[in-house]
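What TrEMBL says about this protein:
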SIGNAL    1-20  signal peptide
TRANSMEM  287-309  transmembrane segment
TRANSMEM  353-380  transmembrane segment
TRANSMEM  386-408  transmembrane segment
TRANSMEM  429-449  transmembrane segment
TRANSMEM  461-485  transmembrane segment
TRANSMEM  511-538  transmembrane segment
TRANSMEM  544-566  transmembrane segment
TRANSMEM  578-602  transmembrane segment
TRANSMEM  622-648  transmembrane segment
């Protein structure tokens, strides 16, 4: 059964890498000539506020059949996406121009003020056709820039103008093959899919492979005596000039909206239609990031090699070659890590909290690895909005069983086999990180609710999240805790003295070394971190999950090596309190990521306006940093625990 699953995964990965077909993604829709194409609209977005708003919060034309929400998944709602129908509609391969859409009611004082605010805050309209966002191309300094969506309007010399005429261009590819394999660009696999009867060329339709928009500001001169209906031909010619504006916005004045559409046959095949959105610049920078990480790993690996082969092995070999009398004499002259043999496994302060944090760290780390792996294999296509967030929630809940198991078994090991407290530890593991996340997100949600943003999580969704937490995640964590309580505890190789040993005075505070250790993991991550932050806050599509997966593996190795080296250094200066230090040695990378987030806010998000937007940014950054601290700290602690257990199990000291 396991082998068959591996083979299925391998086959899907080969298909994805060879033909660029995203799994699960969406399937090609064949439109016949004359079929209606309906444009949908997503939430209004802005890089200046990071608060999405509903498209119909502004005085735009509404569809005659009423506003309807599209089917949304959990991830879309959490991301603030609100996809709704719009009055814009086309007929396949039928060019139309000067189409009248509607004339709004006269702008009230509140509507006029809100429209000016949205223009000042540079809000973008995000239309979609056949699940493709609208592209907009502009030229600057001889370069062609691609944008998604178009601005609501523009301010020129203290006068506000709205883009009320849209020039759409739809790129289509002819449905040339009668079998699915040919459509997907996988002609070699034609035998896999059954071929229907041969159709005439006129009967074969078209697939949408591109969607572009040019916004224009045009002053319509509508005759008040003649009432135009939606989709009627506008009586006078409309010239769409994107370099000039003429439709100014004034209180008490109505706005006329119109559009035109043209169709163009393209060589782009359906599997490649997302290439324009997924094109990630700077591939050399990603390779530089990986090479930089490899250099750090090599440097740390050299130190670990010296510790194991030249220091630890030499000491152990020398000790084992002595006879019993010489060993007894040597025990009186021990130095370094051998002096703390009776205290090295002494229980740390707040052992329950440490076990809970390690358990939650295992859960978060497992979720990240599995999610990024699936995304790298193409199972989480950008065509399926919200699947990444939905997948993360799913894997996080399922891995609650790992959090409970690790937390309870580690607590039994540290607490000398106290089995009766496993329920309490499992409950804390189930509620620690989700509770903090719930507190942060609830606080931020009140800010979004107060701003009437679509980014606010609806109350019904809040109830669903709480039910998922207590009905799935908590029970799975308790089940994991039960198995952890039944599993045998890890036996320490040496006994712990009843009286704790006094730690010699240090020349420098140990926390300084712990905080400094986080710079090395941060050095492996900061280049890729820029692309991730740009994807989250500037709207750039991030889809190089293969690079991200490699960087994550390298980060795991660096965190393990850093914590291992620092733990050995503390033991050598007779500091046996390594438990928490090993956790924060690698977990301190979160501090540098938070500092980098503040730097990104100051220098890269200079246009971010208002205290609410800044609070939202810092709140989400704090949530991300907390998760990273738990995951990286867990890596460091587990590697140090293995190292200390291995080190002291290799020598017998009385």
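Using the three backbone atoms N, Cα and C, a Cβ is placed for every residue, glycine included.
Since this is a predicted model, take the numbers as computed values, not measurements.
The transmembrane segment (386-408) makes no contact with the transmembrane segment (511-538): fewer than 3 of their CB pairs lie within 8 A, with pairs spaced 6 or more apart in sequence. Tertiary proximity for the transmembrane segment (353-380) is limited to same-chain residues at least six positions away from its ends with a CB under 8 Å from its CB atoms, namely 9, 12-13, 16-17, 21-24, 387-388, 391-392, 395-396, 399-400, 402-408, 410-411, 414, 425, 428-429, 432-433, 545-546, 548-549, 552, 556, 579-580, 583, 627, 630-635, 637-638.
Taking residue pairs at least 6 apart in sequence, the transmembrane segment (429-449) and the transmembrane segment (544-566) share fewer than three C-beta contacts under 8 angstroms.
A Cβ distance under 8 Å defines the sequence-distant neighbours of the transmembrane segment (429-449), meaning residues of its chain 6+ beyond its ends; these are 51, 355-357, 359-360, 363-364, 400, 403-404, 407-408, 455-457, 462, 469, 473-474, 477-478, 481, 612, 615-616, 619-620, 622-623, 626-627, 630.
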